[in-house]
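Trainee: One structure follows; several queries about it will come next.
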Amino acid sequence: MENRWQLMIVWQVDRMRINTWKSLVKYHMYVSKKAKGWSYRHHFQSRHPRVSSEVHIPLEEVKLVITTYWGLHPGEREWHLGQGVSIEWRQGKYRTQIDPGLADQLIHIYYFDCFSESAIRKAILGHRISPRCNYQAGHNKVGSLQYLALTALIAPEKTKPPLPSVQKLVEDRWNKPQETRGHRGSHTMNGH
């Protein structure tokens, strides 16, 4: 019988970012209690040798599973020492992978208080609205002018420590495109 390969999208992440993610998840599960219903699985609770941890986030009948890996092949940079993250959507036997932005939006919708586009209409009609958004990572696009006015009126509180963001976890801070400096500021262009 031939080997059967499965392809997974694994985001390369440095070790310190994964450690920060794990700490934030545990803090908000056990101390602040903002991550109610989440479950954390340690590496020794998994049968797969490369799984470092799993965070199971229930969304009604669906489950979001964020898995961190170690011992993968080294990445293209020396700080990518074989660490990675996958984000999976599970519903019964159906499984698919989703991107970090969508994961943050789903977590935001199900777990954290927020005033959204419906709040604009409620505010105009004079109804009482939720005063602020607790999970800013869930807003990945610029809102309407009314929404921006509401956010300017009611500034979001900074939570210490911040809520765990999947997008922040997989963000690539080293491979951002280099900005070229002007002729005067570039040493290589001047030949000095």
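In case you wondered, yes, glycine gets a Cβ from its N, Cα and C as well.
Heads up, here are the entries from Swiss-Prot:
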BINDING   His108, Cys114, Cys133, His139  Zn(2+) binding site
COMPBIAS  171-182  compositional bias 'Basic and acidic residues'
MOD_RES   Thr96  phosphothreonine
MOD_RES   Ser144  phosphoserine
MOD_RES   Ser165  phosphoserine
MOD_RES   Thr188  phosphothreonine
REGION    14-17  region 'Interaction with host APOBEC3F'
REGION    40-44  region 'Interaction with host APOBEC3G'
REGION    54-72  region 'Interaction with host APOBEC3F and APOBEC3G'
REGION    74-79  region 'Interaction with host APOBEC3F'
REGION    75-114  region 'RNA-binding'
REGION    151-164  region 'Multimerization'
REGION    151-180  region 'SOCS box-like'
REGION    171-192  region 'Disordered'
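Mind running through what each feature is packed against?
Mentor: Using a 10 Å Cβ-Cβ cutoff, His108 (Zn(2+) binding site) registers 22 neighbours.
In three-state terms derived from DSSP, Thr96 (phosphothreonine) belongs to an extended strand segment. All protein chains included, Thr96 (phosphothreonine) registers 8 other Cβ atoms within 10 Å of its own Cβ.
A 10 Å cutoff on Cβ-Cβ distances gives Ser165 (phosphoserine) a total of 21 other Cβ atoms nearby, all chains included.
Within the same chain, residues 22, 25-26, 29, 51-56, 70 sit at least 6 positions outside the region 'Interaction with host APOBEC3G' (40-44) and bring their C-beta atoms closer than 8 Å to a C-beta of that stretch.
If one looks beyond the region 'Interaction with host APOBEC3F and APOBEC3G' (54-72) by at least 6 residues along the same chain, the residues whose Cβ comes under 8 Å of a Cβ in the stretch are 10, 13, 18, 21-22, 25, 35, 37-41, 43, 45-46, 82-91, 98, 103, 106-107, 110-111, 166, 169.
Averaged across the region 'Multimerization' (151-164), pLDDT in this predicted model comes to 66.
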Trainee: Could you measure between Thr96 (phosphothreonine) and His108 (Zn(2+) binding site) for me? Cα positions, answer in whole angstrom.
Mentor: 20
